[in-house]
Amino acid sequence: MQHETIAAISTPVGEGAIAIVRLSGPEAVEIAAKLFDGKALTTVPSHTIHYGKLIDPITGEVAEEVMVSVMKAPKTFTREDVVEINCHGGLVSVNRVLELVLQEGARLAEPGEFTKRAFLNGRIDLSQAEAVMDLIRAKTDRAMNVALKQMDGRLSRLIQKLRQELLETVAHVEVNIDYPEYDDVEEMSHNMMIEKTQYVYKEIEKLLEMAKQGKILREGLATAIIGRPNVGKSSLMNALVHENKAIVTEIAGTTRDVIEEYVNVRGVPLKLVDTAGIRETEDIVERIGVERSRQVLKQSDLILLVLNYGEEISDEDRHLFEAVKGLDVIVIVNKTDLAQKIDLEEVQKLAGDRPVITTALIEEKGIDELELAIKDTFFAGEIDGGDLSYISNVRHIQLLKQALSSLQEAMNGIEMQMPMDIVQIDVTRTWELLGEIIGDTVHESLIDQLFSQFCLGK
Ligand code: GDP
Ligand code: ZN
């Protein structure tokens, strides 16, 4: 348990008619009671809400009209005493309330500290905590659902099941080491080891496959539109933005920074990235060479490569194809309203097994086909947020990959007839790595780092 009482504004600042200042810790109720003119908060039942006024004890002036909820440990988000002071949403009044509670002895919460306490007090596990963070950031409804599912503990339960399987094999090996004279035990544990490691390996692989889709749902697919000047890149961007509801448009920092346009194409959130050198790649290949433009383009999840139906394929086009080798690409042959000069057979050859869509953007033709191709590139069949991975964040994916490779080591060991106690080291390592996803074997520093990413007041 933490001994300090923390406080923060837990609603977005400057938005909405009501703002909440949240307190958590052993003195939460006492601090609020000292400021509150109304019922004696220290004696009210838990989980009740009370109308009254906040008085500045130093000046005796009425600071705010408020509603105060009192929630006693342990049935609270942090498992500590929690008080929420609802006040007017204006910046001045909410800051005034925060000031008062700090003046009475609360400490300003660090970003994510409420959620961190919930985790440290065993209220939620790490993957659930991260889901809270994702929830705050979720940009689409679907992503929101995925985040909710994770909070539900589905990922945790799945991971726990896999860990249990691994633990059983380790237990068997222990028996084997303790009673080496029993041949059949050795035989059994060997077979069991093969069976269980293969099973867990496949399950982790499945999770990783789903992670790709999870990431898409959560963050949007980083999409670059490339092509020679004048082929219709801007027209394509406009078509996608106008046809589909733009989810968010954010302009970060100065005008030289990245501009991202979020659109929802048949359930696939695209983040159309417009950076110097990514979207306006008119001459990027010429300018910095194939290898370097590859490096730039690799940062995209999807590339829309636009060609001109009314012109022959140029060397510049061919360079673009080279630069996107191995990446997810949809080829768009635009301006089919013009007389054909392009050799479609050559286009198909350059495209390989990637989809080629013809459009006349000026007549709004071919956009449906393009949208279907985008959907099919990332989702076979219907998209079902419910079945998609709950593993969407980078740390989970990293850990799963590490778990997979240490499990691979174990399987190699089995195949090479290595002694079981050696193989067991890799199995144990896999078990530990999976544990880190749900916070079972996490070190303090990692926890601090994670929780500092949260918004203040969460
Ligand atoms: P960008 O330079 O690749 O961004 O190309 P733009 O989107 O700015 O388009 C260049 C020109 O081609 C503009 O005048 C567009 O109106 C025109 N354009 C775009 N799509 C089509 C099309 O399907 N057919 C024809 N004929 N012109 C098009
Ligand atoms: Zn343009």
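Even glycines carry a Cβ here, placed using N, Cα and C.
Sequence annotations record features per position, and here TrEMBL assigns (6S)-5-formyl-5,6,7,8-tetrahydrofolate binding site to Arg22, Glu84, Arg123, Lys458. The domain 'TrmE-type G' annotation in TrEMBL covers 220-379. For Asn230, Thr249, Ile251, Thr254, the entry in TrEMBL reads K(+) binding site. Taken from TrEMBL, the feature GTP binding site covers 230-235, 249-255, 274-277. Residues or ranges marked as Mg(2+) binding site in TrEMBL: Ser234, Thr255.
All features noted in TrEMBL, drawn onto the structure.
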residue : record                                              : DSSP class
Arg22   : (6S)-5-formyl-5,6,7,8-tetrahydrofolate binding site : strand
Glu84   : (6S)-5-formyl-5,6,7,8-tetrahydrofolate binding site : strand
Arg123  : (6S)-5-formyl-5,6,7,8-tetrahydrofolate binding site : coil
Asn230  : K(+) binding site                                   : coil
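Across the fold, the C-alpha of Arg123 ((6S)-5-formyl-5,6,7,8-tetrahydrofolate binding site) and the C-alpha of Lys233 (GTP binding site) stand 50 Å from each other. Residue density at Ser234 (Mg(2+) binding site): 14 other Cβ atoms are found within 10 A of its Cβ, drawing on all protein chains shown. Averaged over the domain 'TrmE-type G' (220-379), the predicted model has a pLDDT of 77. Filtering Arg22, Glu84, Arg123, Asn230, Lys233, Ser234 by Cβ distance to ligand 1 (under 6 A) retains the following binding-site residues: Asn230, Lys233, Ser234. For the pair Arg22 ((6S)-5-formyl-5,6,7,8-tetrahydrofolate binding site) and Lys233 (GTP binding site), the C-alpha distance works out to 48 angstrom. Shown are the binding-site residues Arg22, Arg123, Lys233; of these, the residue with the fewest other Cβ atoms within 10 Å is Arg123. Taking a Cβ distance under 6 Å to any atom of ligand 2 as the criterion, the binding-site residues Arg22, Arg123, Lys233, Ser234 reduce to Lys233, Ser234. When the alpha carbons of Ser234 (Mg(2+) binding site) and Glu84 ((6S)-5-formyl-5,6,7,8-tetrahydrofolate binding site) are compared, the span between them is 48 angstrom. The sparsest Cβ neighbourhood within 10 Å, among the listed binding-site residues (Glu84, Asn230), is found at Asn230. Lys233 (GTP binding site) sits 50 Å from Glu84 ((6S)-5-formyl-5,6,7,8-tetrahydrofolate binding site), taking the CA atoms of both as reference points. In this structure, the CA atom of Asn230 (K(+) binding site) is 57 Å away from the CA atom of Glu84 ((6S)-5-formyl-5,6,7,8-tetrahydrofolate binding site).
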